[in-house]
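Engineer: One structure is given below, represented as structure tokens, and several questions about it will come after.
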Amino acid sequence: MPRRIWDISQVLRPDLPVWPGDTAFAQVGTWQMEQGSPVNVSALTMSTHSGAHADAPLHYAADAPDIASVALEPYLGPCLVVDARNCGALVEPGHLPDLAGARRVLFRTYDRFPHEAWDAQHTAIAPATIRALADAGVILIGMDGPSLDPQDSKAMEAHLEVLAADMRVLEGLVLNDVPPGQYELIALPLAIERGDASPVRAILRELPDA
Ligand SMILES: Nc1ccccc1C(=O)C[C@H](N)C(=O)O
Ligand SMILES: [Zn+2]
Ligand SMILES: [Zn+2]
């Protein structure tokens, strides 16, 4: 019996909601078969933070590693999905379940992911929660919201806690159809030189039978 896969990625498309003022996703044909080319080739324009993506430490620290330099281990392996839909503005330490030794934790904050419109009021992760996860040995934090910090944050406190613990980040995941529990995460970033982030094709897969 094949292990079930949940695709937790957003579809990258021209009307993809992006951070206010950020680069819209665009795709332009450069060679087209309908114009006699033997192949179709296109060019993409997009924010590094489009859709489901992995932040590089470079995003929140000017001299920190780019996305091409980070080790890949955090982005694949056992993972805990947590239902954090009723936490209000911030996921606080008191909202954490027993992590059961999880090294990768994904937070679901939406009943239904807002595919059609940017959510400026998205739930964020309290800095104290990041610290509690780091103290528990977590190496990767993911969420369905577009940022660990509130949209109007200037201090970027959650990201700076991630930096202090050298944790890795996934944002913009789609967790609508994923029950809380244990999975295998696969969400590898592209090796983009000087990249402050990279889109990922993120999936969860049923764990193999014990
Ligand atoms: N596109 C941006 C432009 C400016 C500031 C933030 C963003 C974000 O998308 C938030 C980002 N994903 C983050 O890691 O917090
Ligand atoms: Zn980001
Ligand atoms: Zn971020």
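Cβ coordinates are placed from backbone N, Cα and C, and glycine is handled just like the others.
Curation does not apply to TrEMBL; its annotations are automatic.
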Engineer: From the candidates Glu171, Glu184, Glu193, Glu206, give the one listed by TrEMBL for the same Zn(2+) 1 site as His49, His53, Asp55.
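Structural biologist: That Zn(2+) 1 site, as TrEMBL gives it, pairs His49, His53, Asp55 with Glu171.
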Engineer: Given that TrEMBL annotates Asp55, Glu171 as Zn(2+) 2-binding, name the residue from His95, His159 that shares the site.
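Structural biologist: Answer, per TrEMBL (Zn(2+) 2 site with Asp55, Glu171), from His95, His159: His159.
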Engineer: So among the recorded positions His53, His59, His159, who's got the most Cβ atoms within 10 Å?
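Structural biologist: Counting every other Cβ within 10 Å of each candidate, the maximum falls on His53.
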Engineer: I want the residues beyond Asp55, His159, Glu171 whose C-beta is within 8 angstroms of the mean position of the Zn(2+) 2 site's C-beta atoms, in chain order.
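Structural biologist: Neighbours within 8 Å of the Cβ centroid, excluding Asp55, His159, Glu171: His49, His59, Tyr60, Ser147, Leu148, Asp149, Val162, Val169, Ala197.
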Engineer: Determine, for the Zn(2+) 1 site, the additional residues of the same chain whose CB lies within 8 Å of the mean position of the CB atoms of His49, His53, Asp55, Glu171; present them in sequence order.
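Structural biologist: Not counting the recorded site residues, we get Thr48, Ala54, His59, Pro146, Ser147, Val169, Leu170, Gly172, Ala197.
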